[in-house]
Amino acid sequence: MCFSAPLCAVDKNEGGWNLIDQLAAIGVTFDVIPHLGALVGAYLLALPIGWDREKGERSAGLRTFPLVAIASCGFIQATESLTTGNPEATARIVEGLITGMGFIGGGAILVVKASVRGTATAASLWATGAIGTSVGLGAYDVAIVLAVMTFLTLRLNVNLKPDGPETKPD
C-alpha cells in the first residue's frame, strides 16, 4: 500500500515503478555508508569509556556510553541536510544535545547521606555526548582527543580520591 501518489506513480514505459528512483527525484538520497562510518566511529570511541564504567560496576556502562555517542552522532547526521549552510541551526542542534546530555548525566548523580556519588559517571556521559557530536560534525580529531582524555582521566585518576568505609569513587 502506498500513501503518497507521486512516490507510487507507475511509469508504464519502464514496466513498473522504482521507489528509490522516485525518492531520488524529490531529493531523498540513501547515502548510508558515510553515516554508518560516523556512527560506528562514535560507537568505537565510546566503547572503552563504557568498558571502564562497566568494570567499576557503575550505573552506566557498556550499553549506555556507546548509545549516548551514537545518538548524539545520529542527531547531527540526521539534521545535516536541514542545517547545511546555516551555522545558527547547527548551533541550536548542538545546544539541544548539550542540554540533553546534562539531563542524562543528572540522572547518574546520587546524594547518599553526606556524600555525592556519580559525578564522574555524569561527566563522562556528557563527554561521550560530545564525542558523538564531534564525530557527527566531522571533527574526528576532537572526538579522538576527548575519548582518550576521558578514558585516561577515569583510569589514571581513580587512586587520587580516598576510599573511606562509606565512599567509593564514582
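Cβ atoms are placed via backbone N, Cα and C, with glycine included.
TrEMBL has this to say about the protein:
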type	residues	note
DOMAIN	39-156	domain 'MgtC/SapB/SrpB/YhiD N-terminal'
TRANSMEM	23-48	transmembrane segment
TRANSMEM	60-79	transmembrane segment
TRANSMEM	91-112	transmembrane segment
TRANSMEM	124-152	transmembrane segment
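Within its own chain, the transmembrane segment (23-48) is flanked in space by residues 6-7, 62, 65-66, 68-70, 72-74, 77, 128, 131-132, 135-136, 138, 140, 143-144, 146-147, 151, which lie at least six positions past its ends and keep a Cβ under 8 Å from the stretch. For the domain 'MgtC/SapB/SrpB/YhiD N-terminal' (39-156), residue counts in helix, strand and coil come to 92 helix, 6 strand, 20 coil, using DSSP.
Non-local neighbours of the transmembrane segment (60-79) in the same chain are 35, 38-39, 41-43, 45-47, 49-51, 53-54, 89-90, 93-94, 96-97, 101, 104, 108, 121, 124-125, 128-133, 135-137; each lies 6+ residues outside the stretch with a CB under 8 Å from one of its CB atoms. Confidence over the domain 'MgtC/SapB/SrpB/YhiD N-terminal' (39-156), given as mean pLDDT on the 0 to 100 scale, stands at 91. Residues 38, 41-42, 45-46, 48-50, 52-53, 60, 64-65, 68-77, 80, 90, 94, 97-98, 100-102, 104-105, 108 of the same chain lie 6+ residues outside the transmembrane segment (124-152) yet bring a C-beta within less than 8 angstroms of a C-beta in it.
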